[in-house]
Amino acid sequence: MASQRTLRTGRAALLLAGLLVVPLLPPCTASCPEKDLEDREEEANVVLTGTVDEIFNVDPVHNTYYCKVRVWRYLKGKSSINREILLDGGNKVTIGGFGNPRICDNQVATGDTRIFFLNLDPEAVGPDHKNELMLNSSLMRITLRNLEEVEHCVEAERLLAEEYFKEQSNTTYVKTPM
């Protein structure tokens, strides 16, 4: 009899705890509108895959932070990365903008490997934040399908740019007499 009463009390406590905790959880990410992958890729100057090595400069007021990320592969924009951006022998970069409420999937933990859509930080001032990269849109998990989709977007943009420049170089300008 006592064991059943204890079991019922335990179940009631779990139910009550669940009812109290659920309203505190953040809303479902489905309510966060995300741009199409093609738009996200076009707006980013740098797209890379990497693993979060370290989290630092946590701002407790705005819940934003920076990460040191070990780069595995540049999918786009490697040429725009200069030596001042590279850390620890050239295979790590500092990325800011984590926790930004305007970006849907913006949270990482140490050891997470993701696809990062980035731009150079235009507002970086001071020696501590010089030449940093900033999140431009949501992070993507590394899956074969995601990698293929991002690579396809990068390649399509490259081909369009090549075609545009080819057309521009083939355009002949005729001077008309006045």
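Any Cβ shown, glycine's included, is placed from N, Cα and C.
Curation plays no part in TrEMBL annotations; they are all automatic predictions.
As annotated in TrEMBL, Cys32 shares a disulfide bond with Cys104, one of the listed residues Cys67, Cys104. When the domain 'NtA' (32-164) is classified with DSSP, helix, strand and coil residues number 37 helix, 49 strand, 47 coil.
Note on the domain 'NtA' (32-164): mean pLDDT across this stretch is 89.
Around the Cβ of Cys32 (disulfide bond), the same chain contributes Cys104, each under 8 angstroms and 6 or more positions distant in sequence.
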